[in-house]
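To keep things clear, I will list the structure first and then write my remarks on it.
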Amino acid sequence: MMKVVIVAILALATTLVSAYDPSPLQDFCVGINYTDSAVFVNGEFCKDPATVIANDFFFSGLNIPGNTSANKLGSSVNLVDISKFPGLNTLGISLARIDFAPYGLNPPHTHPRGTELLVVIEGTLLVGFVTSNPTNKLFTKVLNKGDVFVFPIGLIHFQFNIGETNAVSFSGLSSQNPGLITIASAVFGSYPPINPDVLIKAFQLDKSVVDYLEKQF
């Protein structure tokens with residue numbers, strides 16, 4: 001487990017070099033809940049520095065495997081962002097553990113506010129990302145234990161366990177709140193639903209196929 005922790009820390013340190021979020025104006029700004037619904041800030045309000053303790057900069061639990069049987073995809077993502085770890089506020093970074101069952105998939109998705117740097121801890125993953133229009137070029141690679149791959153901010157990417165055993169990876173992301181848009185669920189599972197005529201024409205599908213896909217989400 002110590003090797004996992006060391007690799008994860010190195011991944012985080014690397015992403016700090018090019019953090020996307022605005023630079024902090026103080027040593028730290030531990031996030032704190034603020035109940036005035038009329039006031040919004042880009043991030044979280046700061047806890048009084050005089051009351052900050054070591055545990056504000058501490059998180060545990062990433063040694064626990066995720067439940068990959070809880071969904072049809074066979075994957076589990078434990079994202080440690082500002083919502084779980086207030087000490088990340090203004091630091092421009094977050095971390096995720098991703099568990100894969102055999103042939104499990106982290107489906108095509110984007111992080112609108114963060115670049116992702118992934119390191120494989122166990123198993124073999126097929127990963128890739130697609131560039132923006134008009135080229136839509138696919139960059140893909142098979143990763144083994146200890147291999148690292150970067151997914152540029154905002155681009156659609158995926159991770160697929162092509163092995164017959166479980167796989168584990170850790171990702172550092174260059175935002176305290178990188179965001180997540182899973183392509184299939186966003187398009188076919190939006191609320192309220194996108195007009196089927198839009199999807200029929202955009203994907204050149206029969207209405208029956210669109211209806212089926214919308215029911216899946």
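Glycine is treated like the rest: Cβ placed from N, Cα and C.
Here the structure is a predicted model, which means the values were calculated and not measured.
Here is what TrEMBL records for this protein:
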BINDING   Asn106, His111, Glu116  oxalate binding site
BINDING   His109, His111, Glu116, His157  Mn(2+) binding site
DISULFID  Cys29-Cys46  disulfide bond
DOMAIN    60-211  domain 'Cupin type-1'
SIGNAL    1-19  signal peptide
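Shown here: features listed in TrEMBL, placed on the structure.
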residue	record	Cβ contacts under 8 Å, 6 or more apart
Cys29	disulfide bond	Gly43, Glu44, Cys46, Lys47, Asn89, Thr90
Asn106	oxalate binding site	Leu73, Ser75, Val77, Ile98, Phe100, Phe158, Gln159, Phe160
His109	Mn(2+) binding site	Ile156, His157, Phe158, Leu180, Ile181, Thr182, Ile183
His111	oxalate binding site	Phe151, Ile153, Gly154, Leu173, Ser175, Pro178, Gly179, Leu180, Ile181
Glu116	oxalate binding site	Val150, Phe151, His157, Ser171, Gly172, Leu173, Ser174, Pro178
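Cys46 (disulfide bond) counts 19 other C-beta atoms within 10 Å of its own C-beta, drawing on all protein chains shown. Taking the mean position of the Cβ atoms of Asn106, His111, Glu116 as the oxalate site, the remaining same-chain residues with a Cβ inside 8 Å of that point are Ala96, His109, Thr110, Leu118, Phe151, His157, Gln159, Ser171, Leu173, Pro178, Leu180. Every protein chain considered, the tally of other Cβ atoms within 10 Å of the Cβ of His157 (Mn(2+) binding site) stands at 23. Other residues of the chain with a Cβ within 8 Å of the Cβ centroid of His109, His111, Glu116, His157, the Mn(2+) site, are Thr110, Gly114, Phe129, Phe151, Leu155, Ile156, Pro178, Leu180. Averaged over the domain 'Cupin type-1' (60-211), the predicted model has a pLDDT of 96.
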